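In Swiss-Prot this protein carries:
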BINDING   T230, A231, E232, E284, S384  L-serine binding site
BINDING   R261, S262, E263, E348, I349, S350, S351  ATP binding site
Amino acid sequence: MLDLKLLQKNPEVVAKALAMRHSDIDIATFTTLDTRRRALLTEVESLKSERNKASAEVAKAKRAGEDASALIERLGGVSERIKALDLEAEAVKSEQNDWMLTIPNIPHESVPEGRDENDNVEVLRWGTPRAFSFTPREHWDIGVALGGLDFERAGKLAGSRFTVYWKWAARLERALANYFLDTHISANGYTEVLPPFMVNRKTMTGTGQLPKFEEDLFRLESWDYFLIPTAEVPLTNLHADEILEEGDLPLGYTAQTPCFRSEAGSYGKDTRGLIRQHQFTKVEMVRFAHPERSFDELERMRGHAEALLQNLGLPYRVITLCSGDMGFSATKTYDLEVWLPGQDKYREISSCSNCGDFQARRANIRFRPAGGGKPEFVHTLNGSGLAVGRTLVAVLENYQQEDGSVIVPEVLRPYMGGLERITA
């Protein structure tokens, strides 16, 4: 959520940000509501002053033994009017708040302006894509041929965009997740968390999934709970309605969870394989930072994700998302895209974002300055570290051999019982 004072004092800043995001939201709606709310509050204050004056006149008349019935009647009318205006002001405030919940974050000044993914800016590339002496296959062909990925039985169990992992594939998925977690905990200083995989509506609102993106979520209607689309949701909201100590910042949490997404609007995209699933595993990184240091933390978090890819020997590139392609809650986002030789292109495997105080305002997460003073909103950051299924895809495609086998990257072998090569 944006700062109310910014909307009131500098609506042109917000209007410019919305234009950069190519949003059709009209800032005039807020201005109209805010003007109406202020007018109601002014009228209420005026009537309260009138009520106080009338109360004093009633008391004076009673002390003098005079008839105060007319004054009392007038006082009752003023009180009823105040009550009605208070209710109207609350209704306008609620409508204003609902409107504010639909407004995306303001892009940071370093974010390139653009409409969509075609306007994103490449920052760097790491690693050289392998030159194959044969035509590289796509991961679903490799996984099925080696008996590890079973899309047919998954379809029988749950329908499209689900997968059953067998034997080495199940172990490789687990190995990747454990390697990611161990690295984040031991090398990067994150605290591991195992959060609920279902959350309530308030929690989804805190990180920005609601109210605008409900169609992308799986909802348990009888409880009005939602399956998490990412561990960012529960991890960020761990400190909702709390005041942290400045000396404890930055805080870093990591979690391995299943993620559930309806993939609304993705009809016909990535219909084969593991790239776009209704359920997938991801290891998430979340950080709470001091406002003055949050962009340093973004670079650090991006480095944590990059190091995993480098240790796995997977070529990748880093992209800065343009203003029109960023997520709703982000003020700046880097995407890491891994090279997939079977598809002959880079595909997203991690997204690292600084959300500024946007989520903290929605979830009411603040910190108390070390020197005293009024609590301030923290800055929240989140990043994939990494998407496990997509990393498995990258391992299969980059380490495939002409005989159909797949070499296991060295860093994963301790997690695979020393296995060096996957064969049928």
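Cβ atoms are placed via backbone N, Cα and C, with glycine included.
If you measure from the Cα atom of E284 (L-serine binding site) to that of S350 (ATP binding site), you get 9 Å. Using a 10 Å Cα-Cα cut-off around R261 (ATP binding site), the binding-site residues A231, E232, S384 reduce to an empty set.
The binding-site residues recorded for this entry are S262, E263, E348, S350, and the Cα of S350 lies nearest to that of A231 (L-serine binding site). Distances between the Cα of I349 (ATP binding site) and those of the binding-site residues T230, E232, S384 are shortest for S384. Among the binding-site residues listed (T230, E232, S384), T230 has its Cα nearest to the Cα of S262 (ATP binding site). All chains included, 25 other C-beta atoms sit within 10 angstroms of the C-beta of I349 (ATP binding site). Rounded to a whole value, the Cα-Cα separation of E232 (L-serine binding site) and S351 (ATP binding site) is 12 Å. Taking the Cβ of S351 (ATP binding site) as reference, residues of its chain lying under 8 Å away and at least six apart in sequence are, in sequence order, G327, T333, Y334, D335, L336, G383, S384. For S384 (L-serine binding site), the count of additional Cβ atoms within 10 Å of its Cβ stands at 28 [all protein chains shown].
Of all the Cβ atoms in the protein chains shown, 14 others lie within 10 Å of the Cβ of E263 (ATP binding site). The two recorded residues, E348 (ATP binding site) and T230 (L-serine binding site), have Cα atoms 15 Å apart.
Annotation for S350 (ATP binding site): same-chain Cβ neighbours under 8 Å, separated by at least 6 residues, are A305, D335, L336, G383, S384, G385, L386, A387. Taking the centroid of the Cβ atoms of T230, A231, E232, E284, S384 as the L-serine site, the other same-chain residues with Cβ within 8 Å of it are V233, L235, A255, T257, C259, K282, V283, M285, V286, N382, G383.
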